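Peer 1: One structure is given below, represented as structure tokens, and several questions about it will come after.
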Amino acid sequence: MKSKKNLSIGVFDSGVGGISVLAELICSLPKEKYIYYGDSKNAPYGVRPTAEVKELSFHVVNKLLEKGIKGLVVACNTATSGAIEDLRRKLDIPIVGMEPALKPAMALNKKGKIIVMATPVTLREKKFNRLIEELHNKEGVIKLPCPGLVEIIERTGGKGIEIQHYLKKIYASINMEEVTAIVLGCTHYIFIKEEITKLIDDTIHLIDGNKGTANQLKRLLIEHHLLREEQANGSTEVILMNSNDTSEMTILSKKLLEEQLNYLGWKGQLKYGIW
């Protein structure tokens with residue numbers, strides 16, 4: 001019988017955005033095996049009704065469960081907001097989600113506004129608004145919904161003039177001199193950090209929740225005695241799957257993962273598996 005410790009970690013997102021989370025997980029837990037599923041065919045989740053987000057999330061998670069997973073990372077802020085509570089009620093495995101990294105932004109202890117860039121669904125969900133209330137900083141947070149941005153990132157990989165035009169348009173109404181931090185409240189947005197930095201002052205901090213998610217997963221695996229102790233052939237095993245099952249998507253997914261790992265300074269080796 002296969003030891004639970006040797007099962008994979010399932011990771012999913014509405015598209016390629018969660019690959020940025022996958023990269024952080026690999027850096028933090030290189031001995032683990034990973035199965036990533038991007039639902040680009042149904043992206044973006046961020047403009048869909050909550051009931052539909054739940055339905056899509058369970059559909060993807062069932063595919064991952066069929067492959068055999070010991071833990072689940074919901075690497076999508078929208079799916080976390082809309083579906084994670086139901087997933088936790090129904091599944092008997094450790095589950096970690098995403099939330100906009102407001103706490104780290106506030107921990108900077110700098111006076112000024114905090115922009116939260118996120119999908120419309122994330123910003124309107126009770127989970128996010130409860131977080132703002134708990135932190136007692138409602139007046140200091142600028143909610144910045146970004147409809148259409150996920151689609152552009154899925155199409156371009158997060159670079160180019162189209163991204164620049166979009167960012168200039170959404171930032172136009174904000175006095176950036178009042179801003180101390182921008183929270184990237186969607187995992188796709190990690191891939192446009194470079195484009196954002198071209199438009200903002202270098203005193204503005206860009207913050208995401210990926211590291212916190214990786215730390216939480218590690219804590220839960222230890223708590224449940226599920227941490228993998230050995231690494232096959234010195235390589236981290238990864239399976240990349242997407243509902244938009246094309247060679248172009250496979251190439252883009254690998255490119256984004258390898259670029260992000262390089263950005264994070266990872267020196268290990270990947271071994272790609274087959275779905």
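All positions are counted from 1 along the displayed chain.
Just so it is clear, glycine is given a Cβ too, placed from its N, Cα and C backbone atoms.
Below are the features listed in TrEMBL for this protein:
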- Asp13, Ser14, Tyr45, Gly46, Asn77, Thr78, Thr187, His188: substrate binding site (BINDING)
- Cys76: active site, proton donor/acceptor (ACT_SITE)
- Cys186: active site, proton donor/acceptor (ACT_SITE)
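Just tell me what is around each of these and how deep it sits.
Peer 2: DSSP assigns Asn77 (substrate binding site) to a helix in the three-state reduction.
Its Cβ placed at the centre, Cys76 (active site, proton donor/acceptor) has 37 other Cβ atoms within 10 Å.
Under DSSP, Cys186 (active site, proton donor/acceptor) is assigned to coil, being neither helix nor strand in the three-state scheme. With a cut-off of 8 Å between CB atoms and residues at least 6 apart in sequence, the same chain places Gly17, Gly46, Cys76, Asn77, Thr78, Met117, Ala118, Thr119, Thr122, Cys146, Leu149, Val150 near Cys186 (active site, proton donor/acceptor), listed in sequence order.
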Peer 1: Under 8 Å Cβ-Cβ from Ser14 (substrate binding site), six or more apart in the same chain: what's there?
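Peer 2: Listed in sequence order: Gly38, Asp39, Ser40, Asn42, Ala43, Pro44, Tyr45, Gly46, Leu56, Cys76, Thr78, Ala79, Val150.
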Peer 1: Have a look around Gly46 (substrate binding site) and count the other CB atoms within 10 A of its CB, chains all included.
Peer 2: 29
Peer 1: Run through the Cβ atoms and count how many others sit within 10 Å of the one on Asp13 (substrate binding site).
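Peer 2: Here the count is 32.
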Peer 1: Would you count the other C-beta atoms found within 10 angstroms of the C-beta of His188 (substrate binding site) for me?
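Peer 2: So the number of other Cβ atoms within 10 Å of His188 (substrate binding site) is 29.
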Peer 1: Give me the largest Cα to Cα distance among Asp13, Ser14, Tyr45, Gly46, Asn77, Thr78, Thr187, His188, the residues the record lists as binding substrate, in Å as a whole number.
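Peer 2: Per the listed residues, the maximum Cα distance equals 12 Å.
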